[in-house]
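Taken straight from Swiss-Prot:
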type	residues	note
SIGNAL	1-32	signal peptide
DISULFID	Cys47-Cys76	disulfide bond
DISULFID	Cys55-Cys85	disulfide bond
DISULFID	Cys62-Cys89	disulfide bond
REGION	92-99	region 'Chondroitin sulfate binding'
DISULFID	Cys99-Cys131	disulfide bond
DISULFID	Cys109-Cys141	disulfide bond
REGION	123-131	region 'Chondroitin sulfate binding'
REGION	139-168	region 'Disordered'
REGION	147-168	region 'Chondroitin sulfate A binding'
Amino acid sequence: MQAQQYQQQRRKFAAAFLAFIFILAAVDTAEAGKKEKPEKKVKKSDCGEWQWSVCVPTSGDCGLGTREGTRTGAECKQTMKTQRCKIPCNWKKQFGAECKYQFQAWGECDLNTALKTRTGSLKRALHNAECQKTVTISKPCGKLTKPKPQAESKKKKKEGKKQEKMLD
(Lines of atoms letter the chains of each structure in order from A and count residues from 1; the text may use other names and numbers.)
(Lines give C-alpha, C1' and ligand atoms only; values in the text may rest on other atoms or scores of the structure.)
Protein backbone atom coordinates (compact mmCIF):
# COMPACT_ATOMS: atom_id res chain seq x y z
CA MET A 1 0.00 0.00 0.00
CA GLN A 2 2.82 2.36 0.78
CA ALA A 3 4.33 1.65 -2.60
CA GLN A 4 1.09 2.66 -4.32
CA GLN A 5 0.93 5.93 -2.34
CA TYR A 6 4.55 6.58 -3.16
CA GLN A 7 3.86 6.02 -6.89
CA GLN A 8 0.84 8.37 -6.77
CA GLN A 9 2.88 11.10 -5.08
CA ARG A 10 5.63 10.70 -7.68
CA ARG A 11 3.09 10.99 -10.50
CA LYS A 12 1.53 14.13 -8.95
CA PHE A 13 4.97 15.67 -8.48
CA ALA A 14 5.98 14.83 -12.05
CA ALA A 15 2.71 16.32 -13.41
CA ALA A 16 3.17 19.51 -11.36
CA PHE A 17 6.81 19.76 -12.45
CA LEU A 18 5.88 19.33 -16.12
CA ALA A 19 3.11 21.95 -15.78
CA PHE A 20 5.61 24.36 -14.22
CA ILE A 21 8.11 23.78 -17.06
CA PHE A 22 5.33 24.26 -19.64
CA ILE A 23 4.27 27.58 -18.06
CA LEU A 24 7.86 28.84 -17.98
CA ALA A 25 8.33 27.93 -21.64
CA ALA A 26 5.08 29.71 -22.62
CA VAL A 27 6.06 32.91 -20.77
CA ASP A 28 9.56 32.87 -22.26
CA THR A 29 8.15 32.40 -25.78
CA ALA A 30 5.72 35.30 -25.31
CA GLU A 31 8.52 37.62 -24.17
CA ALA A 32 10.76 36.53 -27.02
CA GLY A 33 7.96 37.24 -29.50
CA LYS A 34 7.61 40.79 -28.21
CA LYS A 35 11.31 41.52 -28.57
CA GLU A 36 11.43 40.34 -32.17
CA LYS A 37 8.84 42.83 -33.45
CA PRO A 38 10.41 45.74 -35.33
CA GLU A 39 9.63 49.25 -34.12
CA LYS A 40 7.00 50.88 -36.30
CA LYS A 41 6.84 54.23 -34.51
CA VAL A 42 8.37 57.22 -36.24
CA LYS A 43 10.79 59.09 -34.04
CA LYS A 44 9.53 62.48 -32.94
CA SER A 45 12.80 64.08 -33.98
CA ASP A 46 11.98 63.29 -37.63
CA CYS A 47 9.01 65.68 -37.50
CA GLY A 48 9.38 69.44 -37.19
CA GLU A 49 7.60 71.61 -34.64
CA TRP A 50 4.01 72.65 -35.36
CA GLN A 51 3.72 76.15 -36.82
CA TRP A 52 0.29 77.68 -36.19
CA SER A 53 -1.48 80.35 -38.20
CA VAL A 54 -3.45 83.11 -36.50
CA CYS A 55 -6.91 82.30 -35.17
CA VAL A 56 -9.60 83.09 -37.75
CA PRO A 57 -13.05 83.70 -36.20
CA THR A 58 -15.96 81.73 -37.62
CA SER A 59 -18.12 84.85 -37.71
CA GLY A 60 -17.38 88.49 -36.90
CA ASP A 61 -14.00 89.53 -35.53
CA CYS A 62 -13.99 87.65 -32.21
CA GLY A 63 -15.31 84.49 -30.59
CA LEU A 64 -14.84 80.87 -31.69
CA GLY A 65 -12.72 80.12 -34.73
CA THR A 66 -10.06 77.85 -36.18
CA ARG A 67 -6.32 77.90 -36.86
CA GLU A 68 -4.27 75.71 -39.16
CA GLY A 69 -1.01 74.06 -38.19
CA THR A 70 1.74 72.70 -40.41
CA ARG A 71 4.99 70.86 -39.81
CA THR A 72 7.75 69.40 -41.94
CA GLY A 73 9.28 65.95 -42.01
CA ALA A 74 9.59 63.21 -44.61
CA GLU A 75 8.45 60.45 -42.23
CA CYS A 76 5.61 62.39 -40.55
CA LYS A 77 2.17 60.89 -40.95
CA GLN A 78 0.41 64.18 -40.30
CA THR A 79 1.81 67.44 -41.67
CA MET A 80 -1.35 69.59 -41.45
CA LYS A 81 -4.13 69.85 -38.90
CA THR A 82 -6.86 72.26 -37.85
CA GLN A 83 -7.41 73.32 -34.26
CA ARG A 84 -10.31 75.13 -32.63
CA CYS A 85 -9.46 78.45 -30.98
CA LYS A 86 -11.10 81.49 -29.42
CA ILE A 87 -10.41 85.20 -29.74
CA PRO A 88 -11.58 87.10 -26.64
CA CYS A 89 -13.97 89.86 -27.67
CA ASN A 90 -12.64 92.39 -25.15
CA TRP A 91 -9.07 92.42 -26.49
CA LYS A 92 -7.74 95.34 -28.53
CA LYS A 93 -7.85 93.85 -32.02
CA GLN A 94 -5.78 96.61 -33.62
CA PHE A 95 -2.65 95.12 -31.98
CA GLY A 96 -3.39 91.55 -33.04
CA ALA A 97 -6.13 89.31 -31.76
CA GLU A 98 -3.61 87.11 -29.98
CA CYS A 99 -1.79 89.84 -28.04
CA LYS A 100 -3.08 90.99 -24.64
CA TYR A 101 -1.85 94.30 -23.21
CA GLN A 102 -2.09 95.93 -19.78
CA PHE A 103 -2.88 99.62 -20.32
CA GLN A 104 -2.14 102.59 -18.09
CA ALA A 105 -4.67 105.32 -17.36
CA TRP A 106 -5.38 107.88 -20.09
CA GLY A 107 -2.99 110.82 -20.10
CA GLU A 108 -3.91 114.49 -20.13
CA CYS A 109 -5.41 116.00 -23.25
CA ASP A 110 -2.84 117.49 -25.65
CA LEU A 111 -4.40 120.82 -26.68
CA ASN A 112 -2.29 120.97 -29.88
CA THR A 113 -3.55 117.65 -31.25
CA ALA A 114 -6.82 117.39 -29.29
CA LEU A 115 -5.85 113.79 -28.44
CA LYS A 116 -5.09 111.92 -25.26
CA THR A 117 -2.87 108.84 -25.24
CA ARG A 118 -1.98 105.84 -23.12
CA THR A 119 0.55 103.04 -23.40
CA GLY A 120 0.15 99.34 -22.87
CA SER A 121 2.75 96.71 -22.05
CA LEU A 122 2.48 93.14 -23.30
CA LYS A 123 0.69 90.96 -20.77
CA ARG A 124 0.26 87.70 -22.73
CA ALA A 125 0.70 86.34 -26.26
CA LEU A 126 -1.35 83.34 -27.36
CA HIS A 127 0.26 80.49 -29.32
CA ASN A 128 3.67 82.15 -29.66
CA ALA A 129 2.21 85.10 -31.54
CA GLU A 130 4.63 87.88 -32.45
CA CYS A 131 3.56 90.92 -30.43
CA GLN A 132 5.04 94.34 -29.77
CA LYS A 133 6.40 94.78 -26.24
CA THR A 134 4.68 98.17 -25.80
CA VAL A 135 1.95 99.90 -27.77
CA THR A 136 0.47 103.40 -27.69
CA ILE A 137 -3.10 104.32 -28.52
CA SER A 138 -4.76 107.71 -28.90
CA LYS A 139 -8.31 108.96 -28.87
CA PRO A 140 -9.94 112.36 -29.22
CA CYS A 141 -10.30 114.37 -26.06
CA GLY A 142 -13.80 114.49 -24.69
CA LYS A 143 -15.57 117.84 -24.77
CA LEU A 144 -15.46 119.67 -21.50
CA THR A 145 -19.10 119.98 -20.63
CA LYS A 146 -20.59 122.18 -18.01
CA PRO A 147 -23.45 120.86 -15.94
CA LYS A 148 -26.70 121.36 -17.78
CA PRO A 149 -28.71 124.20 -16.26
CA GLN A 150 -31.93 122.53 -17.38
CA ALA A 151 -31.40 119.58 -15.08
CA GLU A 152 -30.87 121.86 -12.11
CA SER A 153 -33.87 124.02 -12.93
CA LYS A 154 -36.12 120.95 -13.23
CA LYS A 155 -35.03 119.81 -9.77
CA LYS A 156 -35.75 123.25 -8.35
CA LYS A 157 -39.19 123.30 -9.98
CA LYS A 158 -40.03 119.89 -8.48
CA GLU A 159 -38.85 120.97 -5.05
CA GLY A 160 -40.85 124.20 -5.34
CA LYS A 161 -44.02 122.28 -6.24
CA LYS A 162 -43.50 119.94 -3.27
CA GLN A 163 -43.18 122.89 -0.93
CA GLU A 164 -46.33 124.48 -2.38
CA LYS A 165 -48.28 121.28 -1.79
CA MET A 166 -47.00 121.08 1.76
CA LEU A 167 -48.07 124.65 2.43
CA ASP A 168 -51.57 123.99 1.09
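Numbering starts at 1 and runs along the chain as it is shown here.
Quick reminder: no glycine exception, Cβ is built from N, Cα and C everywhere.
Overlay of Swiss-Prot annotations on the structure.
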residue: Cys47; record: disulfide bond; contacts (Cβ under 8 Å, 6+ apart): Arg71, Thr72, Gly73, Glu75, Cys76
residue: Cys85; record: disulfide bond; contacts (Cβ under 8 Å, 6+ apart): Cys55, Leu64, Gly65, Thr66, Arg67, Leu126, His127
residue: Cys89; record: disulfide bond; contacts (Cβ under 8 Å, 6+ apart): Cys62, Gly63
residue: Cys109; record: disulfide bond; contacts (Cβ under 8 Å, 6+ apart): Leu115, Lys116, Cys141
**Item:** Which listed residue (Cys62, Cys99, Cys131, Cys141) has most other Cβ within 10 Å, given these are disulfide-bonded residues
**Value:** Cys99
**Request:** Which residue among the disulfide-bonded residues Cys55, Cys76 has the fewest other Cβ atoms within 10 Å of its Cβ, if you could check?
**Result:** Cys76
**Asked** What average pLDDT is reported by the model for the region 'Chondroitin sulfate binding' (92-99)?
**Response** 69
**Coarse DSSP state, helix versus strand versus coil, of Cys109 (disulfide bond)** = coil
**Prompt:** Using DSSP and three states only, what is Cys99 (disulfide bond)?
**Reply:** strand
**Asked** DSSP three-state call for Cys131 (disulfide bond): helix, strand or coil?
**Response** coil
